[in-house]
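Chemist: This is the structure I want to talk about, given as C-alpha cells.
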C-alpha cells in the first residue's frame, strides 16, 4: 500500500487555509502520520490511502462549513429540515433526528408521521412542527388507497420546496402502503433537488428499489453493519470485504450512480464513488439505540450548510467547485456525533443515553468557534484570572505571554466547554511547572 504525505495532499484539501487544521497536521506529521483523504485514479480505483486518522480533517471540515451566527439572519436561513418517519411502534427515532437538527443550529425542524405517532412526538417537544399526514395499511381500505396516497403526497408537496434537506427512514416501519407513499415522497424531493438522507427503514425501502436514489448526487445513505451488508449483496452481488473496504465502498457508490454512502462502524467510511474519507475520532463505547438517528439529523443540517457554503460567491474556485457538499456534510455529522458521544460518556459513563448525547451537540459546536485570539485580548485587557501577587501575565509566567498563550488559552477552552473541572487560578502553578520542565513536549505548542 502506498501512502501519500499530508503536505502533498493538503494542496487538494478544502481546509488548507485553516490555522487549526495546519497545526493539527503539523502534529500528525511530527508523529509520522499521513493525511486522511483517499485519492482516486481516473477509473475509480483507490490510488493511495491513508492511515486511519481523520480527526484533524473532520473537525476542520465541520468548522469550515458550520453556518456562523449573524444578527442579520432571519428565521429559516440557518436551515429547515424535515424528517419523514414515525409510526405506531416507533416514535423516538424521528424525534431524535429532528431535535438533533435543532440542537446543532437548524432554525426549523418538521416531522411527517402517522396520526398514531403525531401526538406522542408532539409531547416530546414543542419545538418540533409535527404533520400527522402519513397512513398505514390498517387504516385504509383497498378502494381508498389511491385517493389517500394522492392526499398524502399533496400535503407533503405543499412544504417540500421550503426544506433545505429531508431525512427519510427514522421510525418509518415497513408497512407496504406507507412505504409506497414514502417512495413517492423521495421522488418529489429528487425532482425539487432537495438533499435526502436515507436511514433506518428508508434503507430497507431503497435497497429493494434502487431506482429511487440511483444517479441522485444529492442522496446520502447511512447504513449500519447489517444494512450495508444487504446493500453490497443486492448491488455488487458479493459479500462485504473489509480487507478492501475503501475500494468496495467506492464501487458500491458508483454502482448506485454517485450517491454518497456513509458506512457506519468503528471507523466511519464515506464515499461518493470518487473519493473515500474516513472518520476515526473516538466516540463512546456505549452503543445505546438512537445514535444513528442523531447522525441522520446531523448530516442533514451539515449537508445543507455545506451546500450553502460552496455556493456563495466568496467561496467560488475550481477546487471548491469539485467538492461534494454531501460528503462534507457526512464527514461533519460523523465527527460531531462522535465528539458529542465522547463528552456525554465522560459525564454519564455506562448510563449514557441518546438524550445525553443530544444535549452535548451544542457544546461541541460551540467549542469549534471559541476564538483564542479574542479570548486572549479579553483576558489581557480585563486581567480576570491573574492570581493575587502577580501584576501581569508576564510576571506570572516569568516570560513573554505570547510564548505561553496557546497553552494558556487551550486550558481556558478545556474549562470553558466542560472538559475539565478545575479552578483556573490554581491551574497557573501547574502550567508554570510544566513550561519550566526541561525538554517538555508541550513546548511544541509554541511552534504550531
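Glycine is treated like the rest: Cβ placed from N, Cα and C.
So TrEMBL lists the following for this protein:
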DOMAIN    58-368  domain 'YjeF C-terminal'
BINDING   171, 224, 225, 226, 227, 228, 229, 230, 293  (6S)-NADPHX binding site
BINDING   264-268, 283-292  ATP binding site
Chemist: Nearest of the binding-site residues to residue 293 ((6S)-NADPHX binding site) by CA-CA distance, picking from 264, 266, 268, 284, 286?
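Modeler: Closest by Cα distance to residue 293 ((6S)-NADPHX binding site) among the binding-site residues 264, 266, 268, 284, 286: 264.
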Chemist: Looking at the binding-site residues 227, 268, 293, which sits with the largest number of other Cβ atoms within 10 Å of its Cβ?
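Modeler: Of the binding-site residues 227, 268, 293, the highest Cβ count within 10 Å belongs to 293.
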Chemist: Tally every other Cβ atom lying within 10 Å of the Cβ atom of residue 229 ((6S)-NADPHX binding site).
Modeler: 13
Chemist: For the binding-site residues listed here (266, 286), tell me which residue's CB has the most neighbouring CB atoms inside 10 Å.
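Modeler: Per the Cβ count, the most surrounded site is 286.
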Chemist: What is the nearest of the binding-site residues 171, 225, 227, 229 to residue 284 (ATP binding site), using the Cα of each?
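Modeler: So, of the listed binding-site residues, the one sitting closest to residue 284 (ATP binding site) is 225.
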Chemist: Quick one: Cα separation, residue 264 (ATP binding site) versus residue 171 ((6S)-NADPHX binding site), in Å?
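Modeler: That comes out at 18 Å between the alpha carbons.
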Chemist: Count the other Cβ atoms sitting within 10 Å of the Cβ of residue 290 (ATP binding site), across every protein chain shown.
Modeler: 19
